[in-house]
Amino acid sequence: MGACNITVLLLVIMLWLPHGLSMGNSCSASVLEARRFFELENEQLRRRFHEEFLSGYNYNTNVTEANRQAMIEVYARNAELNKRLAQQIKSSDYVQSEDADIRRQAEHLSKLGASALNADDYLALQNAISSMQTNYATATVCSYTNRSDCSLTLEPHIQERLSHSRDPAELAWYWREWHDKSGTPMRQNFAEYVRLTRKASQLNGHRSYADYWVQFYEDPDFERQLDATFKQLLPFYRQLHGYVRFRLRQHYGPDVMPAEGNIPISLLGNMWGQSWNELLDLFTPYPEKPFVDVKAEMEKQGYTVQKLFELGDQFFQSLGMRALPPSFWNLSVLTRPDDRHVVCHASAWDFYQDSDVRIKMCTEVDSHYFYVVHHELGHIQYYLQYEQQPAVYRGAPNPGFHEAVGDVIALSVMSAKHLKAIGLIENGRLDEKSRINQLFKQALSKIVFLPFGYAVDKYRYAVFRNELDESQWNCGFWQMRSEFGGVEPPVFRTEKDFDPPAKYHIDADVEYLRYFAAHIFQFQFHKALCRKAGQYAPNNSRLTLDNCDIFGSKAAGRSLSQFLSKGNSRHWKEVLEEFTGETEMDPAALLEYFEPLYQWLKQENSRLGVPLGWGPTDKIPSDCCGTFST
């Protein structure tokens, strides 16, 4: 799940979020003077962003202490300039301007974020964050079969074993090794990060860093909407969770997987349990209807990493959207280098100059990376579409929008109709059993992710708001993972352990509810684009959301381009309404997409007598803390 220029998001988020330009009709001298002021300041801001992202990219693609220090120096220097700009705006009357665009720019440029800290505190914060990132990027673990070989990295070595091993002891070994190496040593850095972000938030007039993050959604009710949305989706997740637990018990036996309770994360094929589709062979509803092995077909046809990106580029061009510029191909890092450490977590980068956009990821040729490539190219297309906006508006009006754009393209790309069109499968229309299999496969990532995405920031909100004592930081994390998602660590964890930093986004200070929101918005976007493309009609069995492919639709492309080009210049509800006809985050489209599978799960679980739900985990001390139910 790549984020936009994730590594330097802490600095950028304080200035970067709301975007757009609606100049109004006023021509008063004060308005003209303000417009000139913001025109000049946006150019300076653009140059600072270029410098920041360049230093961040250099560090991410060559993780050395020298590059880390160089990046921090750039951040610190520009933080002082950002602080001066914010103070200048606050001392003016721009926030009360008669011109709506001036007010919007003034409001967002006066949000300082971490730059509000004094120079020493700012450097300490950046050191804490970058130290966590460095540890994550360089952590290695010992092999289960050869304990003297301690050179295994998360990608590809550990993930390959989590995906393919069916030995519970081996899976638990790699889970514990990774968390012990990438998480526990970072507790002091995380505590420093919490202390300093709390201080920065108070200097910005917020009670906590959680409230600072929430305000970027420009809706005082948005947190409540997230809670309500999660509750709407929980019945579907409970059916899926119960079915998977039942099938795991069939495979591993009752000693490894009891009939009820939480599922050990190590059995789910992903380090964090945020996606379970690597274990599809254990869960497939109709195994006599085998899935097409897209990876095998890619290998047969000689696919390369370059080919994956070319296909993504062609998809956007087929919509009449922008082609990738030559600099993308020359300057991106698309595979893992052999001669240096890199942060392999996929991310897309906007350098705020001359359409310079890049991707950094350790790509391999398989169906997972086929999806990730399109996701990251969605970020890239967003950058290209709004690059004409002033720097303050070069971003998404809702943090969830940026993450949703790549995913909405991937929904078309991974459809049977599209896979047939590009020659990876022979049949572009699935029979009912194959359709259930396909929806099930998608649910193992799209639906399974929701409790994880929800818990990551519910946990950090509790930490930031001091609702969770520092003596309970680790057990509180696992209590939330259990309570919201019914998963648990494979081994007992105490406060001597510290597992949250074993996830990249926590190390990198990336607000995470954007991914939860994106998983809802992408289906709203998908439905709107499928209508534009003539690929969807309600109650039409031949034009369903789950087999819609907008490839080649100029009408869909125009609609998407108009939506993206506004950047953050206007409130997200306004641009969402123009794009989809809706004004709120609404899971109805997601539930419609998966409705056939939901009905199948309810019937199958009832037939099999599958128990649903779970109780508290027993893998943490029993006196940890109270429940967190929303």
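Note: Cβ is positioned from N, Cα and C throughout, glycine not excepted.
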For the Zn(2+) site that Swiss-Prot describes with H375, H379, which of these is also annotated: E364, E403, E426?
E403
Other C-beta atoms that fall within 10 angstroms of the C-beta of C344 (disulfide bond):
21
For H375, H379, H505, listed as recorded positions, tell me which one has the smallest number of other Cβ atoms within 10 Å.
H505
At the level of the C-alpha atoms, what whole-angstrom distance separates E403 (Zn(2+) binding site) and C142 (disulfide bond)?
34
Hey, which of the disulfide-bonded residues C362, C530 is the loneliest by Cβ count within 10 Å?
C362
Neighbour count, 10 Å Cβ-Cβ cut-off, for C150 (disulfide bond): what number do you get?
12
What is the interatomic distance between the Cα atoms of H379 (Zn(2+) binding site) and H505 (active site, proton donor), given in whole Å?
17
Closest of C142, C344, H375 to H505 (active site, proton donor), Cα positions, recorded positions only:
C344
Counting only other Cβ atoms and using a 10 Å cut-off, which of the disulfide-bonded residues C142, C548 scores lowest?
C142
Roughly how many angstrom lie between the C-alpha atoms of H375 (Zn(2+) binding site) and C362 (disulfide bond)?
14
